[in-house]
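**Student:** What follows is a single structure, and I will ask about it in a moment.
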Amino acid sequence: SGESGAGKTESTKLLLQHIMNLCKGNSQLEQQILQVNPLLEAFGNAQTVMNDNSSRFGKYIQLRFQKNTVRGAKLSEYLLEKSRVVQQDTGERNFHIFYYMFAGLSLEEKEMYGLLDPSLYRYISGRFGTQDVAQRWKHKYQEVCNALDMVGFQEQEQVDMQAILAGVLSLGNVTFEPEESNGSVKVSEASRGWLKAAAVDVLRQLVCCVPCSPWSPSVSCCCSLCADARDSIAKVAYGRVFGWIVCKINELLAENVDSEVELREIGILDIFGFENFAVNRFEQLCINLANEQLQHFFNHHIFQLEQATYKEEELPWETITFNNNQAILNLLLAKPLGLMSLLDEQSAFPQATDKTFVDKLNSSFKGNLHFQPGRSHVLGFSIIHYAGKVQYTAGGFLEKNRDTLPANVRGLFIKSITPLLSVLFTGKSLCYVLWLAGLLIFLCPRQHSLMVLMERMYSANPHFVRCIKPNNQKEPGVVDSQMVLLQLRYNGLLETIRIRRDGFSWRPSFEEFAER
């Protein structure tokens, strides 16, 4: 765990390499496990203002062992930041894979996928990179291709996957305009070429059946609804591709042993870090909620269980206090009046807006020490998290929480002429996507996925790897002492050191002690 950019993903990769080196087992399986990382980073990581290679999803890697040899692995993913596909803030980029494709595909391949100059595409904000950066992306694209081959993706599957990604980019350039003859909405003449390039008849049919809002039955409203539907299609398509990649990885890495054989397990959780940007949205709230829960788990394990053990052993002990973040979790997760419950309640009302949601928060949490109403012209609110105050912009909260796709779209996807796109939306594929390591995490509410994750954490014997971010400039060899000290304090590491120093700093088993 640690802040965004503190080195969690890099530490995870080093830890995996270390474990593989210790095992000296199935060399092909070990290489396949290591090759998973560049694949996941290409499709699940992106540049943010805090980190050039930021994980925009959480992953839990389970390594299965038999007699100290790796026999298989399983990957769980959750809370992919799908909204990044259609929108990025200033100084940020879309997922890496889009840029790798532009840099790595040949002219013939780009023509086959209908890809033009990258500056034309709205979903990547018309931003590309310098020649040096493009060369680095070209190299990364080759790494991704090698990883796809090693993990076991068929050539046609790779072609279909890139066709879908290219279609998503073209889809983002489709715009809408009023139909003068009857007052309805149509795809604008200027963007019909993009619709054809996207190879998605779904949208053309969808335009005819997106209803106008009964509260604002204007043509401009219908145009907005069609644009929202376009973005929903893009987000869902990308999310399904990502889930499919994870499923394919799990099929390949599954252990091939007798079901009666007992396997031991090491699990590694690499989760997105605490985030506080200039503009914080629904995604940042979900990310920071996950970090609040993990901090509470750390507190419970280190401070409560640890000190209880010392007292049970009758060690002379003066209780050490710590910053308990239970009150913040109550604010966020309590039922029926926690922030997330209120968000779900408001999302269920068609008439509700982001403003009615914020008004509900202001009245429900008046006087709460961890909540502050918005004080600017921007609709929002602030939460005093364990790591500090974060101001959230409430625009889009309800729409992102609903995460809905027009009902008729799934059927249209199933009929797609692109084989993989059809497979991604059939019932059988959906079951595979949902059933990852026993976690119903791909389409379920984010609270449920986090709850299942925490149950898994509490049932394990945890070791905490705290990653400390040295500076905010993303510079090597520079340590900002005040920034480091702040992290040590809000993480509770100073109190942890005191507990371990005054208690049992070295913990051999009785057998180890007797042998020594």
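Heads up, residue numbers simply count up from 1 along the chain you see.
Each residue, glycine too, has its Cβ placed from N, Cα and C.
Keep in mind that TrEMBL annotations are predicted by a computer and have not been checked by a curator.
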**Student:** Which stretch, out of 220-242, 266-288, 450-472, is listed as region 'Actin-binding' by TrEMBL?
**Tutor:** 450-472
**Student:** Inside 8 A of the center formed by the CB atoms of GLY2, GLU3, SER4, GLY5, ALA6, GLY7, LYS8, THR9, which other residues of the chain have their CB, for the recorded ATP site?
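**Tutor:** Close Cβ neighbours, site residues excluded: ASN51, GLY273, CYS467, LYS469.
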**Student:** Measure from the Cβ of GLY2 (ATP binding site) and count the other Cβ atoms within 10 Å, all protein chains considered.
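**Tutor:** That number is 19.
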**Student:** Per residue, counting other C-beta atoms within 10 angstroms of the C-beta, which of the binding-site residues GLY5, GLY7 reaches the highest number?
**Tutor:** GLY5
